[in-house]
Structure formats: structure tokens, C-alpha cells
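Just below is one structure, and these are the notes that go with it.
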Amino acid sequence: MSTILILLTVSTHPSDSVYTLQYQGGTFLVDRSQYQQLADAFLHGRIWIDAHVPDWLAAMDNPYDEQARGTLGMQTGDPSRWDWAFYHGRYYCYFGPLPALLLFAPFKALTGTDLPTAVGCAFLAILACASLIFLIETLWKRYWHGTPRWLAVLVCTAIVAASGLTYLVLVPWFYSIPILASLALAPAGIALWARSSGDGHHTPRTPFIAIGSTLVALTIACRPAFILTAVFGIILLWPQIRTRDILSTRSRHAILSTIAAILPFLIIGCAMMAYNTARFDDPFDFGAAYNLTGCDLTQRHVSLKARLYSVLLLFLTPIGFTREFPYTMDVFSLDEANPWGFLFRNRNIIPEQFAGGLVALSPICLLALPAAIRYFIRLRRSQNSHATQCGAIGLTFLVLAVLIACIDGPFGVNARYLCDMTWLMLIGTMCLLFVWNTDARENGRRWLTVVIVALLIVGIGLQLLWLMTPGRSESWNVSNPALYDWLRRLFTF
């Protein structure tokens with residue numbers, strides 16, 4: 001899998017380029033070396049980025065007005081940067097600082113050169129892949145009882161394929177870095193919590209709890225929405241919480257386990273609050289509203305209706321199939337002939353390249369709702385504590401997927417944001433389906449397994465089609481025409 005991720009990364013001939021962008025009649029400057037410059041700032045003891053700020057930008061009453069900013073950039077020939085945070089006359093990186101601290105800054109300090117973003121993406125994607133596999137293996141051994149190894153391997157393959165790792169390395173820009181870093185941290189942290197009381201040990205293993213809490217807590221310094229996965233600490237450690245082996249003062253071990261669970265969140269949370277205060281004068285302000293992008297985020301109001309619509313699009317946007325290779329299209333294409341244009345035109349959403357919603361690209365999620373309903377119906381009659389806890393874990397995964405969609409939706413509906421929630425949705429669905437499979441009669445179990453396998457295989461196929469779809473960022477038909485032509489000839493009959 002590591003080889004595949006590396007090959008996908010280099011297939012688009014990535015570079016940390018700087019170029020001008022024409023958008024809605026204005027001129028802006030795109031600089032993809034944001035993490036490299038943040039790392040350089042840290043190495044020089046700064047939290048702000050020492051990049052050229054046009055005089056006219058610093059003098060603007062409202063520098064977040066994209067129309068005025070684009071016009072002045074075009075008139076002066078000195079455009080402002082695109083998708084950088086700007087606050088009180090200085091540029092900042094509003095993306096999580098952890099990758100810069102642990103990856104880009106050490107590389108610069110040791111070699112004297114910048115780490116290419118594509119290399120950082122590939123490295124983090126490999127770690128994220130290992131983290132997801134570790135979590136799935138843990139769930140299989142602890143909760144998916146009776147599930148054959150071959151089916152667990154298929155589930156693992158489908159989840160990794162749908163998680164967005166392949167997309168993020170195909171678009172190795174600075175946007176991908178914090179998502180990949182969080183995917184490398186959160187699943188491994190959850191798995192360590194699950195293993196902290198495994199193998200017959202009732203008393204929780206304090207080192208596992210401490211490392212798991214540290215990994216999950218660090219996500220707030222990458223992609224803050226991932227901090228919601230901290231709820232798994234309560235779900236997975238609930239048996240020990242109930243017996244007061246943790247979150248109590250009944251014994252020395254319980255006190256140490258409590259400290260191990262809570263202290264990493266306090267330390268890392270306080271560090272991020274201090275970092276936010278130093279940048280934006282507010283411990284809870286991560287700076288996303290100060291982003292110089294295609295709209296004024298400081299003034300943008302998203303109604304509840306628009307927020308819910310964005311969530312529906314993230315989950316339920318259909319796939320736009322075509323008759324020509326690669327048989328799928330960008331559903332949010334601005335082409336006037338796009339038959340799916342009614343989904344986003346004249347609506348208060350920010351659409352980007354999109355091949356389809358989460359459920360469309362991962363049809364196994366169609367079974368999430370019926371599996372959840374069945375779990376609730378049979379909950380009172382269930383005598384299987386492992387099945388009950390597995391179902392609770394699955395429901396938690398699903399709820400978190402919806403919550404993160406509610407957080408992401410107002411900022412855009414795109415393939416990148418799907419990477420925040422797809423792994424949660426798929427793992428949650430599989431947890432509930434395996435509970436269903438365990439309780440089902442033999443004939444029903446056989447048919448349910450057939451349906452699960454079929455939907456997983458279809459999902460993997462749809463993910464492969466999405467990789468080849470033209471219109472997405474860094475699509476092969478533009479970034480690597482030779483490869484695209486070879487694939488077209490291979491799959492055209």
C-alpha cells in the first residue's frame with residue numbers, strides 16, 4: 001500500500017509552485033509553500049509568516065472583501081496571497097501547526113532545504129494507512145467476533161480506499177497535510193484506548209491510555225474537528241470507568257490511569273489556546289475566518305437551512321455517470337451543460353470539485369440506518385456485552401461523521417472534506433453490520449455477508465473511477481496526459 005501511495009503522489013508531477021490566479025475578475029497570488037514558510041517562522045522564533053504584504057492590503061478597511069482585494073491586486077500588479085490567514089497586517093497559517101513543528105521544521109533544520117509538500121503528504125499518508133489498519137485490526141480482534149479474516153481484509157481495503165488517502169496524495173497541496181496528519185493520529189489513538197484493557201486484562205494499561213490520549217489530543221494541532229474523537233475514550237473505557245478503575249481515586253493505579261487519560265488533553269489544549277491567543281487574541285479562535293479566500297468569511301452567515309443542505313450534499317450527492325471514459329464526471333462542474341448544476345447554483349454553499357457524496361461513493365453506508373435501527377430494537381434483549389459495546393462504538397462513529405459534516409459543510413462541499421468523515425462513517429457502519437451478522441440466523445447471515453461483500457467491492461470500484469475523473473484538482477488528464485491516455489486505452493472497449 002505504501003508503494004501505491006508513493007506512486008500516486010508522483011503521478012501528478014507535484015510542485016510547490018507560486019502563480020497568479022484570476023478569480024471573478026480579480027488577481028491573487030497562490031503560494032503552495034505555506035507549511036514550509038510556517039516551519040521557517042518557527043525556526044526563527046516567529047508565529048507569523050514573513051511574506052510580502054502589499055501596502056494596499058494593510059491599508060484596507062476590510063481586507064477580507066474578495067472583490068476589492070482582487071481588483072486592487074490586478075490594478076497594482078501586487079496581488080495578495082490566496083488562502084492565507086491575514087490578521088492585523090501579517091500573514092498567518094491557519095492550518096494546524098503540528099506538521100510544521102514535527103515534520104517540516106526538523107527537515108529544514110537538518111538539511112537546510114524545504115521539505116516538498118508532496119513528500120510530506122506521502123509520508124503522512126503511509127502513517128495514516130498504518131493507523132487505519134491498526135484500528136480496524138483492533139476492532140476485528142476485540143469486537144467483530146466470528147468475522148472471517150478474508151472479510152476483515154476486504155473491509156480494511158474498502159475503508160482505506162474510501163478514506164481519502166489516495167485523493168489527498170493525488171492533490172498534494174498544503175490543504176492535505178493537516179487532514180493526513182489527523183488520520184495518522186486519531187485512529188491509532190482510538191485503537192490504543194481499545195487495547196488498553198484487552199487480552200483479558202481488566203485493569204487498564206496506563207501506558208496505552210497515555211499514548212492514546214496524546215495521539216488524539218494532538219489532532220487539535222492539526223485538524224481541530226478531529227478532537228471530537230476524544231469521546232471514544234469514554235466509550236471504550238466505560239467498563240473500567242464503571243468499575244472505578246479509572247476516573248476515580250480508589251487506588252494508585254486508578255489515579256495514574258486518570259492522569260494518563262486527561263493530562264495530555266490539558267497540556268496540548270492549553271498550548272493551542274496560547275498559540276491562538278498569540279496569533280488572533282482569542283484562545284478559541286483558530287483563524288479560519290481570517291482566510292483570504294473567495295468570500296468574506298468574517299461576514300458570512302450560513303443559515304440552518306444552508307448548513308443542513310451542505311450536509312445532505314456531502315452525504316447524498318449522486319454520482320454523475322457518463323458514457324465516455326472514465327464514466328464519471330465532476331458533479332459540481334461550472335459548465336452550463338452540467339445536468340447536476342441545479343444542486344449548487346444560486347445556493348448559499350461553496351462547491352468545489354466533487355464526484356459524488358459519501359453514500360454514493362461508498363454504498364455500504366446505505367445499510368447504516370437500517371443497521372442502527374435494528375441495533376436499537378434488539379438492544380434491550382441483547383445478552384452479548386461485546387455486541388452491545390460494538391454497536392455503541394458504531395453509533396458513535398456515525399454520530400461523529402454527521403457532526404463533522406455539520407462543521408465542514410458551511411466552509412465548502414468538496415472531496416477534501418469527505419476525508420474528515422468517510423472513515424468514521426464506514427467503520428461505524430461495519431461495526432453495526434457485524435453486530436447484525438452475529439445475531440442473524442444462519443441463512444440470514446449468509447445473505448447479509450453476500451450483500452456486504454458486494455457493496456464493498458462496488459465501493460472500491462467507484463473509488464478507482466473517482467481517481468481517474470477529469471475536472472478534479474490535479475486530474476490526470478491535465479497533470480499526466482500520458483498516464484491518462486494509457487488508462488483510457490486500457491479501460492475502453
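Placed from the backbone N, Cα and C atoms, the Cβ positions cover glycine too.
Taking Cβ pairs closer than 8 Å, the transmembrane segment (91-109) reaches residues 34-40, 42-43, 47-49, 51, 53, 81, 84-85, 115, 120, 123-124, 174-175, 177-178, 181-182, 218, 220-224, 275, 279-280, 286-288, 290-291 in its own chain, all 6 or more past its ends. Taken from TrEMBL, the feature transmembrane segment covers 91-109 (among others).
The annotation transmembrane segment is assigned in TrEMBL to 115-136 (among others).
Feature annotation from TrEMBL assigns transmembrane segment to 148-167 (among others).
If you look up TrEMBL, you'll see 173-194 (among others) marked as transmembrane segment. Counting only same-chain residues 6+ beyond the ends of the transmembrane segment (173-194), those with a CB under 8 A from a CB of the stretch are 32-35, 83, 95-96, 98-99, 117, 120-121, 124-125, 127-128, 130-132, 134-135, 137-139, 142, 163-165, 208-209, 211-216, 218-219, 222-223, 226, 229, 232-233, 236-237, 416, 419-420, 423, 473.
Annotation comment: TrEMBL describes 215-241 (among others) as transmembrane segment.
For the transmembrane segment (253-275), same-chain residues at least 6 beyond its ends with a Cβ under 8 Å from one of its own Cβ atoms are 47, 97, 203-204, 206-207, 209-210, 213-214, 216-218, 220-221, 230, 233, 237, 240, 244-247, 283-284. The annotation transmembrane segment is assigned in TrEMBL to 253-275 (among others).
Listed by sequence, the residues of this chain that lie at least six past the ends of the transmembrane segment (306-323) yet keep a Cβ under 8 A from its Cβ atoms are 329-331, 338-340, 343-344, 347-349, 351, 354-361, 402, 405-406, 408-410, 413, 417-418, 421, 462. According to TrEMBL, the feature transmembrane segment maps to 306-323 (among others).
Residues or ranges marked as transmembrane segment in TrEMBL: 354-377 (among others). Non-local neighbours of the transmembrane segment (354-377) in the same chain are 158, 162, 313-320, 328-332, 391, 394-395, 398, 401, 413-415, 418, 421-422, 425-426, 428-430, 432-433, 435-436, 451-452, 455-456, 458-459, 462-463, 465-466, 469, 472; each lies 6+ residues outside the stretch with a CB under 8 Å from one of its CB atoms.
Residues annotated as transmembrane segment in TrEMBL: 389-411 (among others).
Positions annotated as transmembrane segment by TrEMBL: 417-435 (among others).
Same-chain neighbours of the transmembrane segment (447-468): 8, 151, 154-155, 157-158, 161-162, 166-167, 170, 319, 325-328, 355-356, 360-364, 366-367, 415, 433, 436-437, 440, 476, 484, 487, counting only residues six or more beyond its ends whose CB sits under 8 Å from a CB of the stretch. The transmembrane segment annotation in TrEMBL covers 447-468 (among others).
Scored on C-beta pairs under 8 angstroms, the neighbour of the transmembrane segment (215-241) with the top count among 115-136, 148-167, 417-435 is 417-435.
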